[in-house]
Amino acid sequence: MKFAILFGGNSYEHEISIVSAVVLKKVINQNLEFVFCDEERRFYHIPSEKMNSKTFSTKAYKNEKELFIKQGGFFSKGFLKENKLECECVINLIHGRDGEDGKIAALFEFYSIKFIGPRLEASVLSFNKELTKLYAKSVGVKTLDYTMLRKNQNSKEKLSFPCIIKPARLGSSIGISIVKDEKDLEYAKDVGFEFDNDLVVEEFKNNIKEYNLAGCMINDEFVFSIIEEPKKKEFLDFEQKYLSFSGHNELIEADLSEELKEKLKDSFKKIYNPLFKGALIRCDFFILDNEVYLNEINPNPGSLANYLFKDFNTTLNALADQISLEKMIKINYNFLHSINGQKGKL
């Protein structure tokens, strides 16, 4: 199957998305097309040989062919006709806003474009950490207790320290602060509110373990990656998260009991099915006192979490093969014709 990778977007995670696409180019062993969405949300067709950081940092991409989107795919303007970008399935690799908040999903569904990525409802629930917690609770998956802080509202909630403060609609550890006592609270809130009007506050637990599990559903069967235990300090910062997947070191599966592995997989299944069908996602979990808690859902994980899979290419192609487009409704205007044929026309 021929894929096009869509990356970039008007997002704080724009550059991360570029890194993801460059890494994935080295991983997918078949012919690829690359569609870059710049900060103005204009699409460009990037030749494979120009998929490098310089193309984007110098804005040389603007010299490439501009694309537009319409029913059935991406097109460029030719001398006499429009030329369709040849691909069978688009991989949504835009991180954060645009790619994970539902905009791209809605656009692709509206224009009947086959794609790998979260659909609209899944995007909405996974992009907002508060909604993610409510969704997890509804399907029987635990999350850590939390408090919400709203911009321009004086919260009367008494916070416990240390705590961790996160923007509700941002990933990649951007805007996150660990607050060890009250004197650091206002600064952490100011940092968070630079990125979002809503902040999630959780108690920071030193003895907690974090594990990542990626997967998808193919023909009603789950395909899982290995379970990863991230190497970290207090929490994963920007560079730990997004430079780590650009390396080539072979990962070793986390040393966990079979009971805990099954608990993680069971929680993943509850989160994934049926909302995330058509997407390859990564769930980040906490384990505390032998209990599993969902930390967050990554609906478009960095480089699609390829490094966690033993046979990523087979998984990706099998996932794409079973994705179907929404059935179009045929409009015949019979009702309007019937009105038109009567006295007192509409």
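Cβ atoms are placed via backbone N, Cα and C, with glycine included.
Feature list (source: Swiss-Prot):
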type: BINDING; residues: 159-211; note: ATP binding site
type: BINDING; residues: Asp284, Glu296; note: Mg(2+) 1 binding site
type: BINDING; residues: Glu296, Asn298; note: Mg(2+) 2 binding site
type: DOMAIN; residues: 133-327; note: domain 'ATP-grasp'
Among Leu159, Val201, Ile208, which are binding-site residues, the residue with the most C-beta atoms within 10 angstroms of its C-beta: Val201
- request: Could you check which of the binding-site residues (Asp284, Glu296, Asn298) sits closest to Tyr187 (ATP binding site), going Cα to Cα?
  value: Glu296
Message: I need the nearest neighbour of Asn298 (Mg(2+) 2 binding site) among the binding-site residues Lys166, Lys180, Glu194, Val201, Asp284, using C-alpha distances.
response: Asp284
- line: For Lys166 (ATP binding site) and Glu296 (Mg(2+) 1 binding site), the CA-to-CA distance in whole Å is 11
- prompt: Whose Cβ, among the binding-site residues Lys166, Lys180, has more other Cβ atoms within 10 Å than any of the rest?
  reply: Lys166
Message: So if I measure Cβ to Cβ from Asp284 (Mg(2+) 1 binding site) and keep only same-chain residues at least 6 apart in sequence, which ones fall under 8 Å?
response: Glu210, Tyr211, Asn212, Leu294, Asn295, Glu296, Ile297, Asn298
Query: Which of the three DSSP states, helix, strand or coil, fits Tyr187 (ATP binding site)?
result: helix
- request: Could you check the binding-site residues Glu194, Glu296 and say which one's CB has the fewest neighbouring CB atoms inside 10 Å?
  value: Glu194
- request: Rank the binding-site residues Ser173, Asn298 by the number of other Cβ atoms within 10 Å of each Cβ, and give the residue at the low end.
  value: Ser173
